[in-house]
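Structure first, then comments.
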């Protein structure tokens, strides 16, 4: 893809998300979603092959269905309330339909089937955009309408997303699919707290984006797409093995890493609202994710596969890939726990 075309498409993706973030008019929000969806498809098809074509088609069909449902719910809301302004939604049917449309865009269960398939069919760089930037716009709208959302529906979707994300990632050897199931789980955590404390959901999203960006960049730097290729990291890129270890454990939510902060604060907030069963189930399902993250860390950093002398010497040569953003991302993804009191004060 030519640089000028890539810049135009990328700026359209960013502009679409910004329109959604800063609009208070339902029609402009819908326009922003459409701009974002149509501009992201060429990025998904950047490496033109049948698998990328299939992934882009699946993404388009899912997002188009969600957009159609969103527009229908906006019209129902307009007929009931008489205005286009984003505020509390008086009609329960419109509220439920908007929630379903947004969760379909986010990839929450039971609308999660497209996420692993699309992520696996595209490149690592496109997958990074899909699992980070593309989550911002739907979550921002869910944040704005959180007082009107059907709490039982959202909590049911949240707990099923955590179960699906945990069980789905257990048997995977493809890193992109593992990160896709990880995304489904994290979206479930955000949906669970959205009804009670939407600010915590935004905090969770911020930390999730930093951790996922760092993980994707490490995988791109080492050209790893499977657990087998990741097992050669210690021989080819010895400095990256401990970094991948820390990021994986942070994604799993182990203290004292940054990934522990949102899980801790969400469980604490739910217990404050007299919910006991929900946070207990969430803590148990988190163990499923922790298992496959730990398996990845074992493969990457705790085992050394047989290698030739040429492979062992490879890490000493200067790499051509840029890693400027990697350092701040890894620091923020692993060392934010001391800032927890300050983050808690933001609620």
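The backbone N, Cα and C atoms fix where each Cβ goes, glycine too.
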Legend entry - transmembrane segment range according to Swiss-Prot, out of 304-324, 325-345: 325-345
Legend entry - Stretch among 96-116, 122-142, 200-220, 237-257, 274-294 sharing the most Cβ pairs under 8 Å with the transmembrane segment (60-80): 96-116
Inset, instruction - Determine which recorded stretch among 122-142, 153-173, 274-294 has the most C-beta pairs below 8 angstroms with the transmembrane segment (237-257). - result: 274-294
Inset, instruction - Could you tell me whether the transmembrane segment (96-116) and the transmembrane segment (122-142) are in contact, taking contact to mean 3+ Cβ pairs under 8 Å with a sequence separation of 6 or more? - result: yes
